[in-house]
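Some features that TrEMBL has for this protein:
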type: DOMAIN; residues: 125-179; note: domain 'Acetyl-coenzyme A synthetase N-terminal'
type: DOMAIN; residues: 187-547; note: domain 'AMP-dependent synthetase/ligase'
type: TRANSMEM; residues: 247-268; note: transmembrane segment
type: TRANSMEM; residues: 406-428; note: transmembrane segment
Amino acid sequence: MRKSISEVGVEDFVKAGLTIEEAQEFQRVLKEAVFGAKGSDPREVWRSLVAQRVLKPWHPHALHQLVYYSVYANWDSLTNGPPLYWFPSLDQSKHTNLGRLMGKYGSKLLGTSYKDPITSFSHFQNFSVQHPEDYWSIVLKELSVSFHEAPKYILDTTDKLKHGGTWFPGSVLNIAECCLLPRTHPRKEDNSVAIVWRDEGCDDSNINHMTLKELRERAMLVAKALDAVFSKGDAIAIDMPMTINAVIIYLAIILAGFIVVSIADSFAAKEIATRLRVSKAKGIFTQDFILRGGRKLPLYSRVVEAAPYKAIVLPVIGNDVGIQLREQDLSWKEFLSSANNHRRSNNYIPVYQPVESVINILFSSGTTGEPKAIPWTQLSPIRSAADAWAHIDVQVGDVFCWPTNLGWVMGPSVLFLCFLCGATLALYHGSPLGHGFGKFVQDAGVTILGTVPSIVKAWKSTECMKGLDWTRIKSFGSTGEASNVDDDLWLSSKSYYNPIIELCGGTELASSYIQGCPLQPQAFGAFSTASMATGFVILDEHGIPYHDQACVGEVGLFPLYMGASERLLNADHDEVYFKGMPMYKGMHLRRHGDIIKRTVGGYFIVQGRADDTMNIGGIKTSSVEIERVCDRADECILETAAISVAPVDGGPEQLAIFVVLKKGSSIEPDKLKILFSRTIQSNLNPLFKVNYVKIVPEFPRTASNKLLRRVLRDRMKHELSTRSKI
C-alpha cells in the first residue's frame with residue numbers, strides 16, 4: 001500500500017536520493033505547500049506543490065515519483081477520472097491563441113452563455129464543429145495564408161458524393177510562398193529568424209541561424225534549378241535526414257509547382273523502390289551518407305539500389321560528395337549550378353494552383369499491412385498549422401523543435417506549423433537520443449519540444465539529459481504511440497511541470513482528431529478534447545454510438561474534416577475509410593481505426609488499434625491497457641507488449657506478455673508471470689490470467705517507431721505450433 005502525502009517523511013526522501021539535510025528542508029517546504037492548498041482534494045494539493053515549485057527539475061526522479069504518487073495514493077480513477085497534473089489559470093488562458101480568439105469573438109458567437117476561455121472552451125469547440133464556416137473564416141486570418149485568388153466561400157456541401165465537402169472552393173495559392181513571405185499578422189519580417197540548427201558533434205559551437213529572407217532566397221535558387229532539370233508537375237522524392245537543406249528543398253519543390261514524395265531515410269532499398277514506383281517519382285534528393293555518432297552510414301547506395309531515374313546527392317560533410325555517382329545523377333553543387341544558367345533574375349514567380357492541388361505524397365506507416373500512398377493538397381498544411389496554433393499554442397517568437405523526418409507526417413507538419421504560425425524551426429542534424437540533442441534544446445532556447453514516447457523512455461532510462469536546463473520549454477508535444485505515465489512525469493518535471501500536449505491523428509487527416517488543450521487541465525497520457533472543428537462518436541461493438549458516458553469503443557469521425565484525404569494512389573479511398581461505417585445524424589462516419597476510452601470527466605485514452613483488441617475470458621480489452629499496468633509491475637522492466645493467441649487445438653484466447661528489460665537487469669520469466677497476473681488482476685480484471693511471458697532484447701517496430709504487435713503475435717503462434725508437434 002502506497003503512503004499518502006501526509007505520511008511520507010525524511011526517511012522516504014533520503015531513500016529517494018536526497019541527503020538528510022536536503023530531506024529535512026524538503027519536508028518543511030512540502031508541508032507548507034500542502035497546508036497552503038485549497039482543501040484536501042489531491043488535485044488542489046498537487047496544484048499547490050507545482051505552483052510553489054516544490055519539486056525542482058534537478059531533483060532525483062525517484063523524489064518526483066514519491067511525491068506525485070503519494071499525492072494521488074488514494075485516488076480512484078474509475079470514480080474521478082485520471083489524476084490531473086497541470087491546470088490553466090484564467091490569466092494565462094487569455095494570452096493563448098484560442099483564449100485571445102474567444103475573448104474577441106466569444107460573446108458574438110456563443111451569446112450570453114460565453115463566460116471566459118476556460119469555462120466556455122467545450123462550448124466553443126462544439127460550436128466549431130456545428131459551424132465550421134464561421135470557425136475557419138476566423139482562424140484563416142490568424143495564419144500566414146495568402147490567397148492569390150480568394151475562395152468564393154468556406155465550404156460547399158452540394159456534391160453529395162464528396163463525404164468531406166469542398167473546402168475554400170475557387171481559391172488559388174502557393175502554400176510554400178505563404179511560408180516564405182513576410183507578413184504583419186502573424187508578424188514575420190525578412191530579418192526574423194526562420195530556422196536555427198546545430199550539427200551533431202558540435203555541442204559547444206554557436207547555434208546557426210537563417211533569416212526568413214535567406215530561407216526565401218535559398219528556396220528560390222533551388223526552385224530555378226528544379227525548373228532546369230525537371231518538367232512541371234513531376235513528382236520528386238526526398239530521402240534524407242530533416243536538415244536545413246531538406247527543408248529548403250521541400251519548400252522549393254512546392255514553390256516551383258512540383259510534388260514532394262516523402263520517404264523516410266531509415267527505409268531499406270525495397271521500401272524506397274515501392275514508394276518511387278507508386279508515386280511515379282522522376283527524381284530523388286538524398287545524401288551520400290548519414291552521420292550518426294561520428295560514423296558514416298550509407299544512404300546513397302541504398303537509394304541507388306531502388307533504381308531511381310535521377311538522384312541529386314548532397315554531401316553530409318563539406319561541399320563535395322564522398323562517393324562515386326551514377327552517370328545520370330548530379331551532385332548538389334552541379335544541381336545548383338544549373339540554376340545560374342536558367343534564370344538571371346534574383347526573383348522567382350511561384351506556381352499558383354487551386355487549393356485542392358496535390359503538393360506532397362506521404363505514406364502511412366504500414367502497421368496494418370502495405371503502406372497507403374496519401375496525397376496532401378494545399379489544404380493539408382493549413383489544417384496542420386491551425387491545429388498547432390489552437391492546441392499547442394504556437395506563437396510568434398516560439399522556438400519549435402520536434403525530432404522527426406520528412407518521410408513521416410510530423411516532418412511536413414512541423415515545417416508548415418512553424419512557418420504559417422510565425423515560429424522558429426529548430427533542427428538538430430543528428431540523433432535525438434543523446435546529450436548533444438538535449439544541449440541543443442537548451443542552447444537554442446527551445447520553447448516547445450515535440451517527442452514520441454519511446455524517445456522519452458530512452459532519455460529517462462539512460463539519464464543522458466542530466467545537468468541540462470530545459471526550463472524555457474513552455475509545453476511539450478507527444479504523438480506516435482501511447483504515452484507512459486511515469487515517462488511523462490519525468491519529462492514534464494524538466495520544465496517545472498509544464499503541460500505535455502498529447503496528439504493522436506493520422507497522415508490521412510493531416511492533423512490530430514483528439515489532443516490536449518492549454519485551456520483545460522491535463523492528465524498524463526490522456527487527451528482532454530476533440531480537436532477544434534472535429535466531431536466524432538465512440539461506437540460499441542454493434543456500431544451504435546455511445547452518448548457522453550464513460551465507455552470504450554471504436555472511433556467514428558464526422559466526415560466534414562477540413563484537410564483530410566479524399567483519395568489514395570494505391571487503394572480505394574471509400575473502401576478504406578467509409579465502407580462498413582454507420583450513418584449518424586445523416587452523416588456517413590469516417591473510419592480511423594483507433595479504439596479509445598472516454599473516462600469519467602471526459603478525458604480520452606487511446607487503447608490501441610481496432611486490430612489490437614483482445615478477448616480474454618470473454619471480456620474485450622486492449623493491448624495498451626494491459627501494457628500500461630505491466631510496465632510498472634517491477635523496476636527491472638523497460639517496456640512490455642501484450643498480445644493474445646488462440647491455442648493450437650482451439651479454445652479461448654490466451655494472454656502473452658513480451659518484455660524488454662532495462663540494461664543490466666535480470667529476472668526469471670516465471671516470476672514476471674506471477675507479477676503480471678497479480679498486477680493485471682488487481683488493476684484491471686480479477687479474471688485475467690497471463691499464460692506466457694517472453695523476455696526479448698527489443699521489439700519489432702515500423703520505421704516510425706510504432707510497435708508491430710502482429711509480428712510478435714506471429715512469433716508466438718509459430719512457437720506454440722512448433723511446441724505442439726514435439
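Each residue, glycine too, has its Cβ placed from N, Cα and C.
TrEMBL entries are annotated by machine, without manual review.
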Handout entry: Residues of the parent chain within Cβ reach of the transmembrane segment (406-428), under 8 Å, 6 or more residues beyond its termini
Key = 143-145, 175, 178-180, 183, 186-188, 192-198, 200, 238-240, 242-244, 246-247, 250-251, 260, 262-267, 360, 362-363, 365, 376, 380-382, 384-385, 387-389, 392, 394-400, 436-437, 440-441, 444, 446, 448, 450, 479-480, 505-507, 510-511, 703-704
Problem - Intrachain residues whose Cβ lies under 8 Å of the transmembrane segment (247-268), provided they are six or more past its termini - result: 174-177, 179-180, 195, 215, 218-223, 226-227, 230, 232-241, 275-276, 279, 281, 284-285, 287, 290, 299, 302, 348, 350-351, 353, 358-363, 405-408, 411-412, 415, 425, 427, 703-704
Handout entry: Segment confidence, the domain 'AMP-dependent synthetase/ligase' (187-547), expressed as mean pLDDT
Key = 94
Handout entry: DSSP helix/strand/coil residue counts for the domain 'Acetyl-coenzyme A synthetase N-terminal' (125-179)
Key = 22 helix, 7 strand, 26 coil
